[in-house]
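Database features, via TrEMBL:
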type: COMPBIAS; residues: A:60-77; note: compositional bias 'Polar residues'
type: REGION; residues: A:60-91; note: region 'Disordered'
type: TRANSMEM; residues: A:147-171; note: transmembrane segment
type: TRANSMEM; residues: A:229-254; note: transmembrane segment
type: TRANSMEM; residues: A:275-297; note: transmembrane segment
type: TRANSMEM; residues: A:303-319; note: transmembrane segment
type: TRANSMEM; residues: A:331-355; note: transmembrane segment
type: TRANSMEM; residues: A:405-430; note: transmembrane segment
type: TRANSMEM; residues: A:442-461; note: transmembrane segment
type: TRANSMEM; residues: A:519-540; note: transmembrane segment
type: TRANSMEM; residues: A:546-565; note: transmembrane segment
type: DOMAIN; residues: A:678-742; note: domain 'CBS'
type: DOMAIN; residues: A:775-832; note: domain 'CBS'
Amino acid sequence: MSQFVASLFKKYKACGDKGFTMMENPGYISGSFDRLHHPSDDDDDDMVDIAGATLDFSSSDDVPPLSSGNRGMTTSRAAGMNGNGPSKLVDPLEDPVPGLGTYEDFNTIDWVREKSKDRDRHREITKKSRQSTVALLHSVSDAFSGWLLMLLVGLMSGALAGGIDIAAHWLTDMKDGVCLIGFWFNHEHCCWTSNETTFQERDRCPQWQSWGELITGTSEGAFAYVVNYLMYILWALLFSFLAVILVRAFAPYACGSGIPEIKTILSGFIIRGYLGKWTLIIKTITLVLAVSSGLSLGKEGPLVHVACCCANILCHLFTKYRKNEAKRREVLSAAAAVGVSVAFGAPIGGVLFSLEEVSYYFPLKTLWRSFFAALVAAFTLRSINPFGNSRLVLFYVEFHAPWHLVELAPFILLGIFGGLWGALFIRANIAWCKIRKSTRLGHYPVIEVLVVAALTALVAYPNSYTRMSGAELISELFNDCSLLDSSQLCGYKQPANTSETGVGNSLADRPAGEGLYTALWQLALALVFKMMITVITFGMKVPSGLFIPSMAVGAIAGRLLGVGMEQLAYYNHDSFIFKGWCSPGADCITPGLYAMVGAAACLGGVTRMTVSLVVIMFELTGGLEYIVPLMAATMTSKWVADAFGREGIYEAHIRLNGYPFLEPKEEFDHSSLAVDVMRPRRSDPALAVLTQDGMTVGEVEALVESTHYSGFPVVVSPESQRLVGFVLRRDLLISIDNARKRQEGVVSASTVVFTEHALAQAADAPPPLRLRGIMDLSPFTVTDHTPMDITVDIFRKLGLRQCLVTHNGRLLGIITKKDILKHMAQIANRDPDSILFN
Amino acid sequence: MLAGLASVREKIIIKLTKLVNLTISVLAKRNSEDIRCKCICPPYKDVEGQIYKQNVSLKDCNCLHVVEPMPVEGKDVEAYCLRCECKYEERSSGTIKVTIIMYLSILGMLLLYMVYLTLLEPMLKRRLFGHSQLIQSDDDVGDQQPFANAHNVLSRSHSRPNMLNKVEHAQQRWRRQVQEQRKSVFDRHVVLS
């Protein structure tokens, strides 16, 4: 080893000397060294990818700014790794071989390797901390960095969420009109201090001018209506166009809800740039545009993505997280919790959401950190106070009307509806996305968004319940009718003696009046419209969340059922169902509660969440007494939806895209054995292996280049096939190329040695290349008769990437995560080639 | 000379004080506008429902202080007030203003940059290097997408100051990444569909 370092140092000095003699070419020194010292300054998220960053440079046409005379020395030899050559100069005093232990784009990480890497690092720090005070401080700051990171993530996500809330609210109202006292006020804030608002029309004040009023001068009449209608469509088109064009131009990864991808990333997949700076900026900006364009989508899912981007970017600041993919995923798990926490103002619900829905590996430590981060985020959002009413969400409700046991029946009915709708929605949406993926429709993403936005605006405007934004609609539906309300939904007939009865503001059951009937059929139309438009909206190339549309559908259905129940009770006080608990004059049925239960049921049907959903809903309402109805509805909806297909919308999208996601919830109950799944199959050529000594660099390179495998087992000899270890392709290539650059005498004829001690060689032979350091000496092995269910369990629980199969101690084959996924797809009668990535 | 400097400094100080005073006054003004007590009073007997808003502090936020003029007489006041719901609300119009203006400026900058990248830059380059080289560079990249016209022509023919070069390289690499992303999302539909 010391010999190796010494030779490196010699080489480095030699390079330095050469560099010195070439000082007349200033581009050389700074052009290459500076870049190497800041290799990932502008990188999106591949901060670990030092070699990758420099690889990009040499691989492509943009040669560094050198005059052609120096090129012979700097151009790299083409290597086999995606045609990329490695970096030409590396500072050997820091990290001997940069890029070792990193991953390529669209690959899966090895959790075991990452975790052991972190443990080694930790051990190193602990060992050093006993030696000096500085090292002790370092170890303390290292231990503390996790919490500090959480604090920063919470602050940043909370602030961003507040900004998104304010901007989205304002831009949504922009479709209707403009505030004359300050264009930055939305409708509500425009009339904040105005005393001209009336009880009937609470949001009308002279400061707020609709476009029709501004243009025609009058707020009444057909002309003003037409102008308003046109302006609404125009703004909707403009916003959606801007959203889709920005996504297309700057960050294509910013489209969609992001939760399926985050789920996959948390399970160990790598999508470079998916959580980067540009994705964050574009997603934040376009999310506001997309939400305000009136499309049937919400901001809750994308907020999870935004929070994860924040976390990933902030991970740059801490070496502990920058260099370790597994540690980074712990932070991302917590960030997912933060996202939901700010989206619904539900910190505990967020933590549970992360645990139940998105996370793959969720140790207790992450639970506490998520909790802390969610708390900080909620607090930040609260101090921004985006809605001006000290609430974190628009549709916060607070009522404490009691419910009766009999009402469980309609709640379960709502659960059945939610489950049916969830199953139907998943089927329809996946079918539509398949069409988008495979037919010509997918070639016109911009036009698609524009058409859907135009259609939405055109149909939505005439109906006041679809015209308002999803969150406002939900808020109105959740709201219970009291004397204070004057909306159409509360258009009951006033009993003659209302002013004399009681003191409080809650009302006894009343017969429905004209206004309520109008509201009911409008709501029914809105329900049909929302159900259909959401199917084609989700999955378009704009940031689009699913929570709000699903909740809106459920809330409408729930409200309709609630009003129905109320009227039923009013007209049948004496029937056996209502006798005893719903006497005349009592306020026994709360339609707002039904809306809430319906919303939970539909969201549960679509996403298949249970615990976290109930907690989120309960945090939204602040009423503990509704837990049982919510539980009943979500559980029913999950059962019903699971009867039609076991996967939720996110899993369905993961499957549609063919991401390598090993579903932890799914059970594997097929009786196959490891030998049935492993590669090579019987008809395939033999497994490509390296021997621990005796192969030359040229042979290794030939083997690597002739195959496309991501890793190679190392055996004692080809005859015995006894296993020594496992080497990853990327590590192998980087080390060989690096050695060729910097180690003297490494040529194609030098031998590659994986043993601890090199064999004695002929004196004139080139020095051997020692690669023991990059070999995984403890690869996981199973025997060929291991049942697959156990193997799958090993993969899931340990987060393995590959596992070697032996027979009588001899290496027989290899099973990768992809093989398992393909096998599972085959068992489920799906196309095994749908699994695309490694 | 020195005196001139001193006078300039004095002017600056005066200006700064003015600015600070202005900010303070703006803040103070904002504070008074940003609180309200909103009382919603439902219809009562023959009195219509009404909404009252007053700029009062939290402890004064009740029906008796806010509802002015009281629409009912004497003994009815208590009954009327019991039905009213008064809520104290606070907002920060400064935050709203800053957020909206920041949002709009970021959006505007992004749009300008997009326009620059798609329309202006190819045109500039055409003017700078003529037609033949442009075609060559397009061939190199082999893509007709906007942004595809990579900068290699520029970097090859000129050795520029280092800072510029670095920025250019970073930009170029970013563009290649975006292009790659766009290909996989929009053209090949392998991710995020």
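Keep in mind that glycine also has a Cβ here, set from the backbone N, Cα and C atoms.
Just so you know, TrEMBL annotations are computer predictions that nobody has curated.
Contact between the transmembrane segment (A:331-355) and the transmembrane segment (A:147-171) is supported: at least 3 Cβ pairs lie under 8 Å, counting only residues 6 or more apart in sequence. Among the listed stretches A:147-171, A:303-319, A:546-565, the one sharing the most Cβ pairs under 8 Å with the transmembrane segment (A:275-297) is A:303-319. Here the transmembrane segment (A:229-254) has long-range neighbours at 171, 174-176, 211-212, 271, 273-274, 276, 278-279, 281-283, 285-286, 289-290, 292-295, 305, 445-446, 449-450, 452-454, 456-458, 461-462, 467, 540-543, meaning same-chain residues at least 6 beyond its ends whose C-beta is under 8 angstroms from one of its own. Remote same-chain partners of the transmembrane segment (A:303-319), defined as residues 6 or more beyond its termini with a Cβ less than 8 Å from a stretch Cβ, comprise 45, 47, 145, 148-149, 152-153, 156-157, 160-161, 164, 254, 257-259, 261-262, 265, 275-277, 279-280, 283-284, 287, 328, 331-332, 334-336, 338-340, 342-343, 358, 377, 543, 545. Averaged over the domain 'CBS' (A:678-742), the predicted model reaches a pLDDT of 87. According to DSSP, the secondary structure content of the domain 'CBS' (A:775-832) in residues is 23 helix, 18 strand, 17 coil. For the transmembrane segment (A:519-540), the list of distant contacts is 244, 255-257, 295-297, 421, 425, 428-429, 432-433, 436, 445, 448-449, 452, 455-456, 459-460, 463-466, 473, 487-489, 491, 512, 546, 549-550, 552-553, 556-557, 559-560, 563, 649, 653: same-chain residues at least six beyond its ends, Cβ to Cβ under 8 Å.
Same-chain residues lying 6+ beyond the ends of the transmembrane segment (A:442-461) with a Cβ under 8 Å from its Cβ atoms: 229, 232-233, 236-237, 239-241, 243-245, 248, 293-296, 436, 467, 529, 533, 536-537, 540-542. For the domain 'CBS' (A:678-742), residue counts in helix, strand and coil come to 24 helix, 17 strand, 24 coil, using DSSP.
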